[in-house]
Amino acid sequence: MAVELSNKYACLIPLCPLVASRLTGSLSFFLPEATRSLRRLCAAFNTFSLITAMSVSFALFWQQAATHSIQQYLWARIPKSDFRLKIGFLIDPLTLAMSILVTTAGISVMVYSDSYMCHDQGYARFYAYLSLFTASMSGLVFSPNLIQIYVFWELVGMCSYLLIGFWFARSSAANACQKAFVTNRIGDFGLLLGVSGAYWITGSFEIFELCDRFSELSSNSVINPILANTIAPLLFLGPVAKSAQFPLHVWLPDATEGPTPISALIHAATMVAAGIFFTVRIFSLISVLPLTMHIISWVGGVTTLSGATLALAQKDLKRGLAYSTMSQLGYMVPASGIGASRPALFHLITHAYSKALLFLGSGSVIHSMEKVVGYSPTRSQNMFLMGGLRKHMPITGTTSPSGTLSLCGIPPLSCFWSKDQIIAESWLRSPYLGLTTSTTAGLTAFYTSRIYLLTFEGNFRANQTSYVGFNTFSPSENIITSWGGARPESLATQASGNVTSTTDMERSGVAETGNLVTPPPTERGPIREKAIQNHSERNLLYPQESNFCMILPLIVPAIPTAFAGLAGVDPIQKGTGPDLLFDWLISIPSSPEVNTHLKNLTEILTSSTPSLSLSLIGLLISFKIYGQTNKLVDTKFFEKFKLINENLLNTFVSLVRNWSINRGYIDYYYDTYFVRGINFAGKLVLYFDKWVIDGFINGTGVSSLSGGEGMRRGKNGRISHYPLGLLIGVILLVSVVDFPIPPLP
């Protein structure tokens with residue numbers, strides 16, 4: 001009966017959001033006027049459909065706790081001689097964990113979007129895209145064969161194209177969605193070649209059958225090692241693009257041009273998670289190829305370190321979080337490459353909720369900042385125009401630190417447990433990889449706490465046009481500019497002008513505050529001073545806390561962000577395979593096991609002391625630089641380095657800033673060598689087609705036309721012309737051909 005229940009209701013998980021998306025899209029296309037009046041009903045219907053899918057996911061999850069079985073429901077087949085493709089659903093612990101992750105994150109985003117997108121004309125269309133996105137991702141995780149995975153893989157890519165370019169009238173959004181689409185096509189083409197090669201070797205598309213047969217053939221040395229180590233990296237090329245691994249990561253920062261709820265969904269539970277899921281799904285295939293495992297581990301290692309360095313000096317709030325996602329995905333990939341697939345999956349889950357919390361919090365901040373600084377992303381997402389928002393947005397400012405500290409790797413928050421296991425496994429496999437992951441842990445603590453401090457602590461800087469925190473001292477001006485971004489010339493001029501005018505007015509005995517003319521400071525009383533201050537504050541705009549629909553999705557992910565990592569303390573489950581993920585996640589210690597768990601907790605904290613120390617150092621440095629309440633940066637911190645080597649420090653910080661602001665110069669080289677090279681090759685092909693191919697065809701036609709016209713005019717039927725032509729021909733023949741004269745007899 002349990003098996004029949006799973007087979008019967010598993011199809012509802014992708015089917016519910018798919019039906020909701022189709023109905024909403026059809027209604028929006030055929031009845032646009034009715035859709036505008038019923039758009040809140042459409043949003044409620046899409047949300048309810050995803051709630052139904054989530055309920056089925058939880059029901060199957062608890063049923064799996066009782067059966068511990070792997071089930072497949074195959075309802076169709078396509079026969080053709082020896083080729084048979086079975087289509088259906090695969091239900092195992094990995095599938096159910098990913099299904100719960102996708103549906104819960106999707107529900108939070110849908111509830112959040114009701115308020116965030118309420119004024120957008122494409123409100124109903126946005127919900128149709130959201131439901132199609134979650135349906136595609138759910139279909140991907142339930143797929144039992146590579147063909148079905150590839151179909152949903154492409155659907156996920158299509159939905160990301162539609163959602164990243166949702167505001168297509170903005171050129172930056174249109175370019176970003178095209179960049180994401182083209183970059184993912186490169187990885188998808190490699191994935192298609194890998195799927196074809198795997199079928200050619202094993203004769204099957206079924207995941208379990210294919211992996212078992214591939215492992216058997218490799219162990220018996222039947223497969224050519226070169227061929228095997230070519231097909232496996234081609235399969236991995238799909239996750240490289242989809243999960244933004246180096247060097248196909250360039251689309252991810254630009255994907256923030258889409259609405260912020262989409263950024264939360266892409267970075268948390270869909271698209272970028274698809275690559276990690278697929279890598280773990282075919283783990284038994286790649287685990288028998290040491291060279292491929294080595295490639296995977298170092299691709300992830302380079303990604304995690306480069307993503308952390310690129311996030312160090314970002315001014316855009318969402319772009320800084322995007323590079324953080326790139327770095328954290330880099331942790332999961334080398335974990336799979338060194339055989340630690342279970343910590344990789346665990347970090348996927350803990351990071352998803354932490355990053356969803358941070359992106360939704362950033363959306364709340366941006367939504368409030370737009371009412372103060374305008375709707376330009378260069379202003380509403382600029383962290384250097386924020387500051388002090390925890391006072392004005394208390395709930396957003398209270399939930400964000402949990403996600404920040406979780407990514408920093410601070411216990412007992414969730415990401416600490418998963419990240420620490422990956423770092424420990426990396427040190428066991430390779431000292432260089434361990435050093436890379438440990439260094440990244442310190443950098444992660446620095447840039448994530450930097451984002452929080454610039455956004456929520458200090459004073460609100462958007463109203464302080466005469467703010468002079470960029471040049472408070474000259475020796476370390478380059479350092480502050482490096483970490484804080486260049487100060488606009490107009491702002492500097494305006495600031496200096498404001499300061500000068502205020503000083504001159506005070507010297508003359510009169511100062512103006514708003515429309516109120518006030519006496520000099522020496523003649524003001526305490527009551528008068530307070531009245532002036534209150535009047536000045538009333539004339540300034542400050543962000544306000546978001547409404548309930550945006551606050552509730554911030555509170556819900558904060559719970560797993562704080563407590564989900566405690567599952568990693570379980571001392572009983574010691575396996576590393578993905579099949580044990582479910583038992584690991586549901587392990588709840590009984591009373592006799594509490595002492596054992598506490599002992600294991602002590603061992604974990606002791607072994608994580610080096611990486612935790614690096615995280616704390618990163619936090620301390622970030623706090624010393626950005627943690628001042630009345631300054632943008634702490635200048636005294638940099639003054640301490642004067643005795644060491646000021647020029648060397650300035651040069652180093654400038655290099656780091658330029659590296660981060662210019663995205664590691666990777667986009668520049670891509671544009672120089674690939675984009676321009678392809679454009680030049682396209683122009684050559686166009687020239688060849690126009691002047692060689694078309695020229696040959698056009699020349700043939702023109703010669704035929706001219707020859708025909710000449711013959712038509714020459715053959716006009718007049719008898720007098722024929723003897724004349726014959727005479728001319730004889731004369732030419734005689735003049736050209738030298739006939740030999742026979743000798744006289």
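A Cβ is built for glycine as well, from the same backbone N, Cα and C atoms used for every other residue.
Annotation comment: TrEMBL describes 43-65 (among others) as transmembrane segment.
Under the heading domain 'NADH-Ubiquinone oxidoreductase (complex I) chain 5 N-terminal', TrEMBL lists 80-127.
Annotation source TrEMBL lists transmembrane segment at 85-112 (among others). Same-chain residues lying 6+ beyond the ends of the transmembrane segment (85-112) with a Cβ under 8 Å from its Cβ atoms: 6-7, 10-11, 13, 17, 43, 46-47, 50-51, 53-54, 57-58, 60-61, 64, 70-78, 127, 130, 133-134, 137-138, 141-145, 147-148, 205-207, 261-262, 264-265, 268-270, 273, 277, 280-281, 345, 348-349, 352-353, 356, 360, 363, 549-550, 552-553, 556-557, 578-583, 585.
The transmembrane segment feature in TrEMBL is assigned to 124-143 (among others).
Summarising the annotation, TrEMBL assigns domain 'NADH:quinone oxidoreductase/Mrp antiporter transmembrane' to 143-444.
Per TrEMBL, the feature transmembrane segment maps to 149-169 (among others).
TrEMBL lists 181-202 (among others) with the feature transmembrane segment.
If you look up TrEMBL, you'll see 222-241 (among others) marked as transmembrane segment. Outside the transmembrane segment (222-241), and at least 6 residues removed from its termini, the chain residues within Cβ reach (under 8 Å) are 153, 183-184, 186-188, 190-191, 193-195, 197-198, 201, 214, 248, 251, 274-276, 278-279, 282, 285-286, 289, 291-292, 295-296, 299, 333.
Taking Cβ pairs closer than 8 Å, the transmembrane segment (262-283) reaches residues 94, 98, 101-102, 104-106, 108-109, 112, 130, 133-134, 136-137, 140-141, 149, 153, 156-157, 160, 163-164, 166, 207, 211, 235-236, 238-245, 252, 255-256, 296, 318, 321-322, 325, 329, 332-333, 336, 341, 344-345, 348, 352-353, 355-356, 359-360, 363, 578 in its own chain, all 6 or more past its ends. Under the heading transmembrane segment, TrEMBL lists 262-283 (among others).
Under the heading transmembrane segment, TrEMBL lists 295-313 (among others).
Annotation source TrEMBL lists region 'Disordered' at 498-526.
Annotated transmembrane segment per TrEMBL: 548-569 (among others), in sequence order.
Positions annotated as transmembrane segment by TrEMBL: 604-626 (among others).
The transmembrane segment annotation in TrEMBL covers 721-741 (among others).
Sorting each residue of the domain 'NADH-Ubiquinone oxidoreductase (complex I) chain 5 N-terminal' (80-127) by its DSSP state yields 29 helix, 10 strand, 9 coil. Counting same-chain residues at least six beyond the ends of the transmembrane segment (295-313), those with a Cβ under 8 angstroms from any Cβ of the stretch are 233, 236, 240, 244-246, 249, 279, 286, 320, 323-338, 426, 429-430, 432-433, 436-437, 439-440, 443-444, 446-447, 450, 482-483, 485, 656-657, 659-661, 663-664. For the transmembrane segment (43-65), the residues of the chain that approach it from at least six positions outside its boundaries are 2, 5-6, 9-10, 12-14, 16-17, 19-21, 23-24, 91, 93, 96-97, 99-100, 103-104, 106-107, 110-111, 113-114, 123-124, 127-128, 130-131, 134, 138, 582, 586, judged by C-beta separation under 8 angstroms.
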